[in-house]
Each structure stands twice: as structure tokens, then as C-alpha cells.
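Undergrad: Attaching a single structure in C-alpha cells format; questions to follow.
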Amino acid sequence: MPRKAQLFKKPKFKVRHRNRCSICGRPRAYIRRFGLCRICFRRLASEGKIPGVRKASW
């Protein structure tokens, strides 16, 4: 877990939980299916490290 994510205290209420990227800890643009933010997802997908994901072309 990144340092940034570890710095945040446990929320007092469960509804305040914020999904964070498992790599960089970014809270915005989170993709639930992969547990990543859009930036990390794009980087890993372009490197071919996420199975079954490829760039769309039509």
C-alpha cells in the first residue's frame, strides 16, 4: 500500500470510505472492476499487464 493511503485515518463512519487506487492511492477516477485509477489502468493496459484488456479500434 502506498504511503499516501496509509496516512489517512480510518473513517468514523463506513459511508465515508473512499475507494483508492491500489498502486498510487489516488481517490478520483477509480475503476472498481480493476481497483485502479484511470492513470495506472492506462499505463498497465498499454504495457500488457492486465489480461484481456486492449486498445479499442473500430
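Placed from the backbone N, Cα and C atoms, the Cβ positions cover glycine too.
Unlike curated entries, TrEMBL annotations are predicted automatically.
Quantities reported herein were computed from a predicted structural model and do not represent experimental measurements.
Pasting the feature list from TrEMBL:
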type	residues	note
BINDING	CYS21, CYS24, CYS37, CYS40	Zn(2+) binding site
Undergrad: Please list residues from the chain of CYS21 (Zn(2+) binding site) whose Cβ is under 8 angstroms from its Cβ, counting only those at least six apart in sequence.
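TA: Those within reach of CYS21 (Zn(2+) binding site), by Cβ under 8 Å and sequence separation of 6 or more, are PRO27, TYR30, GLY35, LEU36, CYS37, CYS40.
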Undergrad: Excluding CYS21, CYS24, CYS37, CYS40 themselves, which residues in that chain have a Cβ inside 8 Å of the centre of the Cβ atoms defining the Zn(2+) site?
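TA: The answer, listed by sequence position, is ARG20, SER22, ILE23, GLY25, ARG26, TYR30, LEU36, ARG38, ILE39, PHE41.
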Undergrad: Taking DSSP as the reference, which of helix, strand or coil describes CYS40 (Zn(2+) binding site)?
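TA: CYS40 (Zn(2+) binding site) sits in a helix per DSSP.
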Undergrad: Suppose we draw a 10 Å sphere around the Cβ of CYS37 (Zn(2+) binding site). How many other Cβ atoms does it contain, all chains included?
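TA: Other Cβ atoms found within 10 Å: 22.
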Undergrad: What's the number of neighbouring CB atoms sitting within 10 A of the CB on CYS40 (Zn(2+) binding site)?
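TA: The answer is 21.
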